[in-house]
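Participant: I have a structure here, written as structure tokens, and I will follow up with some questions on it.
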Amino acid sequence: MTVSTPEIWTFRTLIQWTTQWLTKQGIVDNPRLDAELLLAHALKLRRLDLFLDPDRPLHDDELNRYKVLIKKRASREPVAYILGSREFWSLTFRVGPGVLIPRPETETLVERILEGVADREATLRILDVGVGSGAILCALLDELPNATGVGVDRAAEALACARSNVDALDLVARAEIVEGDLFSPFNDQSELFDVIVSNPPYIASAVIETLEPEVRDHEPRGALDGGADGLACYRALIPASKPLLKSGGLLALEIGYDQGEAIFDLCREAGFAAVSITQDHARRDRVITATA
């Protein structure tokens, strides 16, 4: 595949050229969207602006800024890391190396928790284990105006990122980000929660090397690798969460598409009731919920 170079670079011709060029580099998943997002970012414009004036020519300095970005993308650096942000639940979250990028399918986890909350005006206490960027916790607090929450993580990059997002979304008064491994900050059981949520690492170790380079080579291994069968974190998290939930409290976990039955059994063995599996919009098992 050859990529011809136009005589004049406009928004339209540059996006068309970049789409073909990225495809030639092996990026076949939404190369046009990548081109649009990166161009808008390089020029500090909205993506919409590219379509409102598609024949606007670019200056050399603009082209040079854009070239830096598309070279990063060609090396398989995730677009979210290049942009420094990712949208989740209609909110914009800062992300960067060392922090798992929020996925659209994880919104199913937020949806399921909101469905399980009888009164959205209630004063709820939420614990997010492995808070990462803070996307799940912040999305829940955005929807539950009287709720407060704690996010726990052991990675310094994640802690800094989550705190930055909590601040940017004006949730400092309602969200606390603390360092810890699973439930270590709450071992004394001095506080009980209405909701415990987690998107733990659940990819089997042997599968990690088969993932796309964007994930395998750039995202934090600790947020992906779930041990030999992908279930290591669940085996620790599920039984330890029950003593920290109020009676009738909700445990909500993201799961791998083929892990539903095994994690269902772990929840029942730990004494949870009303264990339920929810599928995402692609009709794959994505979330398991259980009641203490």
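Placed from the backbone N, Cα and C atoms, the Cβ positions cover glycine too.
Heads up, here are the entries from TrEMBL:
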- 14-84: domain 'Release factor glutamine methyltransferase N-terminal' (DOMAIN)
- 121-205: domain 'Methyltransferase small' (DOMAIN)
- Gly130, Val131, Gly132, Ser133, Gly134, Asp153, Asn199: S-adenosyl-L-methionine binding site (BINDING)
- Asn199, Pro200, Pro201, Tyr202: substrate binding site (BINDING)
Participant: Across the domain 'Methyltransferase small' (121-205), what is the average pLDDT of the model, as a whole number?
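Facilitator: Mean model confidence (pLDDT) across the domain 'Methyltransferase small' (121-205) is 94.
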Participant: If you count other CB atoms within 10 A of each CB, which of Ser133, Asn199 wins among these binding-site residues?
Facilitator: Ser133
Participant: Other residues near the substrate site, CB within 8 A of the CB centroid of Asn199, Pro200, Pro201, Tyr202?
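Facilitator: Other same-chain residues with Cβ inside the cutoff are Gly130, Ser198, Ile203, Ala223, Leu224, Gly226, Cys233, Tyr234, Leu253, Glu254.
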Participant: Report the nearest neighbour of Pro201 (substrate binding site) in space among the binding-site residues Gly130, Gly132, Ser133, comparing Cα positions.
Facilitator: Gly130
Participant: Can you give me the Cα-Cα distance between Gly134 (S-adenosyl-L-methionine binding site) and Tyr202 (substrate binding site) in Å, rounded to a whole number?
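Facilitator: Cα to Cα, Gly134 (S-adenosyl-L-methionine binding site) and Tyr202 (substrate binding site) are separated by 18 Å.
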Participant: Out of Gly130, Val131, Gly132, Ser133, Asp153, point to the one nearest Pro200 (substrate binding site) in space (Cα versus Cα); all of them are binding-site residues in the record.
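Facilitator: Result for Pro200 (substrate binding site): the nearest of the binding-site residues is Gly130.
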